[in-house]
Amino acid sequence: MSDQAEIWARLARLTPARIGLGRAGSGQTTRSVLGFGLAHAQARDAVHTPMDADAVRAGIEALGLTVRAAASRAEDRATYLRRPDLGRSLAPESRDALAAAAGEPCDLALVVADGLSARAIHENAVPVLEAFRPHAEKAGWRLAPVVVAGQARVALGDAVGEALRARAVAVLIGERPGLSSPDSLGIYLTFGPRPGRSDAERNCISNVRAAGLAPDAAAFKLAWLIGQALSRGLTGVHLKDESDRALEAPDLPAALVQG
Amino acid sequence: MAYRHVVGPRTWAFADLATLMAKATPPRSGDRLAGIAAESAEESWAARWCLAEVTLKEILARPLIPYEADAVTRLILDTHDAAGFAEIGHLTVGDFREFLLTASPETLARIAPAVTPEMAAAVSKIMRNQDLILVARKCRVVTKFRNTIGLPGTLAVRLQPNHPTDDPAGITAAVLDGLSYGCGDAVIGINPASDSVQALGDLLHLLDALIQRHAIPTQACVLTHVTTTLEAMERGLPVDLVFQSIAGTEAANASFGVTLDLLKEAHEAMLSLKRGSLGDNGMYFETGQGSCLSADAHHGIDQQTLEARAYAVARPFRPLLVNTVVGFIGPEYLYDGKEIIRAGLEDHFCGKLMGVPLGVDVCYTNHAEADQDDMDTLLTLLGAAGCTYIMGVPGADDVMLNYQSTAFHDSLYLREVLGLKRAPEFEAWLHAIGLTDGAGTLLTGAENRLLADAPGLAA
C-alpha cells in the first residue's frame, strides 16, 4: 500500500485535478470533504463580496491615470445574477456622465468591471494596468479615463467605449470563479465598441492571476492585440492571438505594437 | 386559440399553447429572463389546471414552432409514430399522467416513438418530483457499443479526466484514478482545451491505446465539434463515439454550427467505422435547459419544452448516451438548488419517456445558489429514477471547465445505498483485474494492475 500511496502522490503532481484522494468506504476522506467545502466557500465569497470601488480607484489614480465611476442597470447582486441583460446595460445617469466627460475621439477606453469576482479585480486590476501603461505610452495611444464599473458584464464596455468615443475598449473583469481559481481576471478587447456587439467580435485573455497568466504577460498580450486591432480595424474570430510568436522573436514586438 | 381557466371569480386566459405551457412551468429564472413565466403562483397553477384538459391530439396538431419555419419541428412530425399514437392520442394531459403512473415498462417502450417532446414536457409540468421518478424508473432504454448501458438496476459513469492544457500525462493520471474507483463504463470522455485536429488526434490515440492495453470494455470520446470529429474520421483517427452539443430549435443548433444533415453525415461516418463490438449506438449528445434562450433562438417557448425538443433531435440517431448538463449554464436559467433539482428530474423523465438513454451531469457553478448538499439530493433522486449515467470527475472539481460535477466517489455512494451495478461487461472486467469482489464492491488494499502505467508517466 505504501508503494501505491507513493505512486498516487507522484501522479497527483501531473495534474491540478483532485486525484489520488483515497476514500473512506464509499465516501471521501474528511480531509477532501473539508478541503472542497473551503474552496467552494472562497469561490462563493468571491462572487458575493462587493467591489471596493474607492480602493480600486485610488490604486489606479496612483498610477497617474484618471478614473470615472459607472454602474450598470442591475441594482444589486441578486438582480445582477438573474438578469445578465441589465448587467450589460449602462445606468442612464452613468451614460450621461460619461458622455459629458468624453473628450476628443481616442484610441482606447479601459474598463475595470467587478463581473463575477471582485477579488479578481482587487488583486489583479492595478498590477495589469501598471504593466500595461508603458506599452500604451510607447505606442502613443490616446487613452480615455479608466472607468470602474459595478455590477457589470463584459458587454457593458460596448456602451462605455461608445460614450467615450474610443476606437477600442478593453474590459478587465472578474471571471466566473472556479473552485481552484476564485481570483481569475479576464480581459476582453473589442474594436469599434457599440451596444449590440457579439462575443465573436471580441478577443479574450483569460486566467490572469498570480497562479495563472502573470500581469506582465497579460499586459504584453493585451498590447499586442490592441496594436493589431487598431491597425487592422477588427477584433474577434478573425484576429488570432499570435503574441507568443512575438515573444519568441524579441525584435518583433515593438514594430507590431506600433503597427 | 386562447385557453381559459376559471378560479372563483377570476378567469385566467392564455393566448396560445406556447403561452399556456410556459405559464404552467414550475418557476425558474430562465423563463422569467425570457419574460414568459407566470406572474403569480395562482396563474401558474391555473395554467396547470388548464393544460391538464388539453388532449395529446391537440398538442400534436398545434406545433409550437411552425412546420415551415423549423427543421426540428419537421423532424418531430415527419418521424411521429401515428400507429402507436392511436393508443394515447385521445388522452388529456391530465389523463396521460395517470396512464403513465399505471403503465408497465412494456407499454412505455411501445408508446415512446409516439410521444413528442411537447407531450412529454406538457405532462411533466403537472407531475410532482415523485411522479417524474416513478415513471422514468419504469422506462427501459438499453444501448450498446462495447458494453451494455441502461439495463435495469445499473448505473454507468462517464469518466471525465479533463486537464486545463490537455497534458497527456495529467489526463492519463486522471483516467487511472477514475478506473481505480470503478468508473468509466459509459465512456471515457475528455473535454479538450484545444479544438485543433492535431490535439484531438493526440487525445484519441492516447485513449485508444489505454483502452486496448488494458482490454477495457468501454468506449472513448473527445468532446469536440462534430465537424472536427468528421475531419478526424476522414484522417483515419481512432474515433469511437461522435459527440455534439444540440438544442431544441433549428436556430439554436445553427448557433452551435450544427444542422440535422451534418449530424446525419457524422452518424453515417461513425457507422462505417464499425468500432463497436456489441452494438452500433455510437453517438453522444449533450443538452441543457437555457441553451436556446442563450442563443436568442427560443421562439417564446419555455426552456424545459425546448430541452425536450433537443431529445427529439437526438432520438433518430440512436445515441449510446445523451446527457443534460443541468446546472452548468448558470443562475440566470436555473437559479438555485431547488430549480436545478427539478430541472434534472424533468429532463431525465422527458428523455426516458421519449426512448432516449438519458444521463445527467449533476452540476452547478459557483455563482448559483447551490452546493454539494443539493447535488447529493439530486444524485440520490436520479439514482432512484434509474438514471442511465452520471459524471465522474476527480473530487467533483472540473479544473478545465470550472464547474462542480459529481466525484468518482459519488457513484460508489449511490451503488452502496441503492444497490446499483455497472455495465455488466465492465463489472466483469473490474473483477477480472482484481479491483472488485464478486459483488462489484471495490477491494481495499488490492494490488492495482492499472498502476503499471504509472512509471512511464513519471519518466
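Including glycine, each Cβ sits where the backbone N, Cα and C put it.
According to TrEMBL, the features are:
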type: BINDING; residues: B:R158, B:L159, B:Q160, B:N191, B:E286, B:D361; note: substrate binding site
type: BINDING; residues: B:P192, B:Q244, B:S294, B:M400; note: adenosylcob(III)alamin binding site
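Distribution of TrEMBL features across the structure.
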residue : record                              : DSSP class
B:R158  : substrate binding site              : strand
B:N191  : substrate binding site              : coil
B:Q244  : adenosylcob(III)alamin binding site : strand
B:E286  : substrate binding site              : strand
B:S294  : adenosylcob(III)alamin binding site : helix
B:D361  : substrate binding site              : strand
B:M400  : adenosylcob(III)alamin binding site : coil
Integer Cα-Cα distance in angstrom, B:M400 (adenosylcob(III)alamin binding site) to B:E286 (substrate binding site): 17
Nearest of the binding-site residues (B:R158, B:N191, B:E286, B:D361) to B:S294 (adenosylcob(III)alamin binding site), judged by Cα-Cα distance: B:E286
Pairwise Cα distance maximum in Å, substrate-binding residues per record: B:R158, B:L159, B:Q160, B:N191, B:E286, B:D361: 15
Entry from the binding-site residues list B:Q160, B:N191, B:S294 having the most other CB atoms no farther than 10 A: B:Q160
C-beta crowding around B:M400 (adenosylcob(III)alamin binding site), within 10 angstroms: 21
Additional residues surrounding substrate, by Cβ distance to the B:R158, B:L159, B:Q160, B:N191, B:E286, B:D361 centre under 8 Å: B:V187, B:G189, B:L223, B:N323, B:M391, B:V393, B:S405
Chain-internal residues near B:D361 (substrate binding site), provided their CB is under 8 angstroms and they sit 6+ positions away: B:E286, B:N323, B:T324, B:V325, B:V326, B:F328, B:I390, B:M391, B:S405, B:T406
Distance from B:Q244 (adenosylcob(III)alamin binding site) back to B:N191 (substrate binding site), taken between C-alpha atoms, in Å: 11
Listed in sequence order, residues with CB under 8 A of B:Q244 (adenosylcob(III)alamin binding site) and six or more positions away: B:H225, B:V226, B:F256, B:V258, B:L263, B:A266, B:M283, B:Y284, B:F285, B:E286
Cα-to-Cα gap, B:Q160 (substrate binding site) vs B:P192 (adenosylcob(III)alamin binding site), nearest whole Å: 11
Span of B:P192, B:Q244, B:S294, B:M400 around adenosylcob(III)alamin - largest C-alpha separation, Å: 22
